[in-house]
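Asker: Sharing a structure with you now.
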Amino acid sequence: MLTKFETKSNRVKGLSFHSKRPWILASLHSGVIQLWDYRMGSLIDRFDEHDGPVRGVHFHNSQPLIVSGGDDYKVKVWNYKLHRCLFTLLGHLDYIRTVQFHHENPWIVSASDDQTIRIWNWQSRTCISVLTGHNHYVMCASFHPKEDLVVSASLDQTIRVWDIGALRKKSAAPTDDILRLSQMNTDFFGGVDAVVKYVLEGHDRGVNWASFHPTLPLIVSGADDRQVKIWRMNDTKAWEVDTLRGHINNVSCVLFHTRQDVIVSNSEDRSIRVWDASKRTGLQTFRREHDRFWILALHPEMNLLAAGHDSGMIVFKLERERPAFSVSSETMYYVKDRFLRCYDFSTQKDTQVIPIRRPGSTCLNQGARTLSHSPTENAVLICSDVDGGSHELYILPKDSYGRGETMQEAKRGTGGSAVFVTRNRFAVLEKSSNQVLVKNLKNEIVKKTALPAVVDAIFCAGAGNLLCRADDRVLIFDLQQRLILGELQSSSVRYVVWSNDMETVALLSKHSIIIASKKLVHQCTLHETIRVKSGAWDGNGVFIYTTLNHVKYCLPNGDNGIIRTLDVPVYITKVSGNTVYCLDRDGKNRAIVIDATEYFFKLSLLRKRYDQVMSMIRSSDLCGQAVISYLQQKGFPEVALHFVKDERTRFNLALESGNIQIAVASAKEIDEKDHWYRLGVEALRQGNAGIVEYAYQRTKNLERLSFLYLVTGHMDKLSKMLKIAEVKNDVMGQFHNALYLGDIKERIKILENVGHLPLAYITAKVHGLHDIAERLAAELGDNIPSLPEGKTPSLLIPPSPVLCGEDWPLLRVMKGIFEGSLDNMGNNVQEEDEEAADADWGEDLDIVNVENMPNGDISLVLGDEEVHEENDEGGWDLEDLDLPPEIDTPKITGNARSSVFVAPAQGMPVSHIWIQKSSLASEHVAAGNIDTAVRLLWRQLGIRNFAPLRPFFLDLHMGCQTYLRAFSSAPVISLALEKGWTESASPNVRGPPALVFQFWQLEEKLKAGYKATTAGKLTEALRLFLSILHTIPLIVVESRREVDEVKELIIIVKEYVLGLRMELKRRELKDDPVRQQELAAYFTHCNLQMPHLRIALISAMTFCFKAGNQMTAASFARRYLETNPSAESQASKARKFLQAAERNMKDASELNYDYRNPFVICGATYVPIYRGQKDASCPYCVARFVPTQEGQLCTVCNLAVVGADASGLLCSHSQIR
């Protein structure tokens, strides 16, 4: 049993599947009817108007109707679209057991404990026939699927078959007078609508259920005598055929399966039993612990069943319907109806190849589960669940290819998980011993390999590799080297789909898809609510997959979407262009044509194939809110603009993409204050003063307008703003405008008018206007404010304007990717828009001629209310105040030929281009993108401690930038320094950053380190060598040869850092002579330059000789003499040591040092790691450590984590190429 859906509820007494939708009705003992979506696993609706248990429920096959019958003696008809009961049919006098719609006529049949069966017309809402004859409760009644028959079962131990042909004739409209007359006689004198055709007796107890076979003249019944009986009928009689025994309690329900030759029954013995209908033997039994079963339902179209029990219901299948198939190039092999078939995708020809073994039907789910094909050897491997898991190997005969006549003896073996790993070898999983058996084409075991984890299934993963599924992960296992090549956490992977180049794999689970590389490096994960069924890769690296009801796509970055809806589930076998080849559940090949425009459009954007994007925009009907949202989300608002008609959306997209032209047009259409304000903000960011001014005028934002005139140097307009503020009686506006203008007398006048005489006096006094100051002093009398002594006043002078009278470009002029190409799509429309703009701008601004006005220099339109008030007073003639006439609406054209500067779309800074083009950490640091540099260094070199690199990061970033001052009030301009830049270089081609760290500088430092080591300045030498180690991750070189030199330099420097650290440690130890000797000895095993090695050997020899370790000292003396020293004094000293030691070859103290056994030194504990012992290494400096140091910071380079998984040093573009 394959459970698809399960609910927990009160006892389920009735069930019914919808014929088209994935719905099931469940009527409960509590009186509630539930409507479930078994595919989504969600409750859609509930109907609860019955009083007491509802024992019968049924869907109409074409109308949105439900019928139900319950213990309240009522038959109710519901409309599930309207969510209510339409009407109630009354007539039964006891509990109603079952109800059913007729498949053609507007009839309902109901069975009741009142010992009758009633047939109702749900259109006329009347009872049209009552079938009497049973003398006990009628437990069920149902229509024949094709004929005019009804079968009923009763506790009177009989099954009755009723002929309702007369009822059909009565319901049909009579075509002639004779028929009409006979029908009138029948109605008047009474007639029999339904007659008993057969009474089937044979059960010893009451019969609970009886049902027809969908096509054959058979009836199956189940009773309280615990037996299932099969009956056959013909035109004249019916008789018992066989009895199925096995249930140990009352049989509740029994049905013929519509699509398989089996009978399904359930019982109060808590079991569901499946019987072979032809052999009449039991196939399988499914049990529950505590729940009795009451009802069964079959899906009318699909291979689904449902069973109701004491605590809910289950929806299940008896057998898997996924065909086993294998695709290689243009050919697919698959299993159908016990035959191996071959399908050619190019010709769409389907051929039967050979018959395969038909397993004995002693159990369900014995068909082929997986199929593996070896094209070169023409061999097929079929796996099934027969005998607990087995496989069969067929060598396909080329001579009988296409006829499928030869029955070939298969080579069989145990193990239900088997795949080809090479052309003539296949691997079989032996679960009992958790090992893989590699077999040849004679089915002989060639090799056995133990698996590194407990594996329950294996899949193909390329030549010689297996993809193994463990409990919570999958892993790639190399059978030859017996190594794990990759590992990934994932739960219950069911299917594995490799791309054509075997570089990418999709791992399909029940509700998720994981996309990973061939080494199982995770790329993306998709989660689906509806079960995932199959998938295949198309030629562009897009994964096309199916759920139960959709064909969907997944892009390499994880973006996914729906391609089309499916009526029935299919299993994708191959994707070629716009055609998806698939198998359905009947094993039929289908070719589905899909529209790949949407995902190809998104893929082109993802891969920056903008030429393809342009072509698709011009030619396709691609549109919709989803595409617009996607473009906006991915940073392409300028492309989204060409799909949008809604003005508000266009406005938002235009602002986002910096397209002021479209933003202005949309703002005019919308004409709301908030939109004009946002337009002004964006125009100001672009430095388009004309549009800013226009936007402020539309919103009548006088304060911002005044400040704009200040920074742009429009002093004449600022003067007009002062007069406008005066007219509007805006004191603060007057004062600010006077301040911006630097008009001292106007400020004094304003202060005096509002009564601030002390402030007016101080302003006049400070600015040297003595006559005004004296007049104000006379008015103030004794209240003259005193000025602070010893202070030098400074005048408030308006600053110099940024750019007088014109726009100022803040954005660098760079042509956008889509600029021009997209704009040319609608040249005619654009010209019309320009003409419209010419006509509308002036009207919108209400420009009038102010020359003849009494206040001709006041030019801002006031609100209507204000004008009305002024006219009532009659003192000022200001009825046509308008904006300054000089300001026409800025006209923006696509070619920017007008006097108004149009800011181009913002270009991409050079630093961003560096990041896009490079995987080198140093170039990311140069661009200022420290986050990505840190991630790259962790991924490439395992570096976690970035504190030592901080000064190098700062130097590198600052060294790749230079700064220019523009105007005093403008921001400083930052310029990126590019390597190899010349004046003749193209502005569209960007070079890499000019890095401050060069390889030759490191060579100089290395020489200085050598010199300091020779001079005995060990601390200085260590600082120099560490500086080299900390600089190398930020070095960039040109050629592969230089890359090798950099890697060689790391090894050299690492040896010196390790040796110097040990030597400095030795000098710190005063009271531990044994440890001092050990460290001196280890120092001699560092890979040093010859002069330094000689110094180390002399030092170790002297220490050991003085401590009485003669034999060890002798070994150092021999090694020293083998170096052919040029210093004769040191050589003679070594010979004396050697002669003295040879007389007494003993060591006074035992050292952890064996010079005969090769070893490396642990960089943290300074102990030897002898050959054959386990160790861990630093991924950057390659220093070796004891295993306990794994996961700790490397003590040699002080940067990387010991044992971290890293890809290796990347310091040249040649490595990437």
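Just so it is clear, glycine is given a Cβ too, placed from its N, Cα and C backbone atoms.
These came from TrEMBL, pasted as-is:
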type: DOMAIN; residues: 340-584; note: domain 'COPA/B second beta-propeller'
type: DOMAIN; residues: 625-768; note: domain 'COPA/B TPR'
type: DOMAIN; residues: 815-1217; note: domain 'Coatomer alpha subunit C-terminal'
type: REPEAT; residues: 47-88; note: repeat 'WD'
type: REPEAT; residues: 89-130; note: repeat 'WD'
type: REPEAT; residues: 131-164; note: repeat 'WD'
type: REPEAT; residues: 200-241; note: repeat 'WD'
type: REPEAT; residues: 244-285; note: repeat 'WD'
Asker: Check the repeat 'WD' (47-88) for me and report the mean pLDDT.
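Answerer: Across the repeat 'WD' (47-88), the average pLDDT comes out at 94.
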Asker: Against which stretches of its own chain does the repeat 'WD' (244-285) lie, if we need a Cβ under 8 Å and a gap of at least six residues from its ends?
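Answerer: Counting only partners 6 or more residues beyond its ends, the repeat 'WD' (244-285) has Cβ contacts under 8 Å with 1, 205, 208-209, 211-214, 218, 220-224, 226-230, 291-296, 298-300, 303, 305, 307, 309, 318-319, 361-364.
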Asker: For the repeat 'WD' (200-241), find every same-chain residue at least 6 residues outside the stretch whose CB is under 8 Å from a CB in it, and list them.
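Answerer: Here the qualifying positions are 136-137, 139-140, 142, 144-145, 149, 151-161, 247-256, 258, 263, 265, 267, 269, 275, 277, 280.
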Asker: For the repeat 'WD' (89-130), how many residues does DSSP put in helix, in strand and in coil?
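Answerer: For that range the per-state counts are 0 helix, 25 strand, 17 coil.
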Asker: Please list the DSSP helix, strand and coil residue counts for the repeat 'WD' (131-164).
Answerer: 0 helix, 20 strand, 14 coil
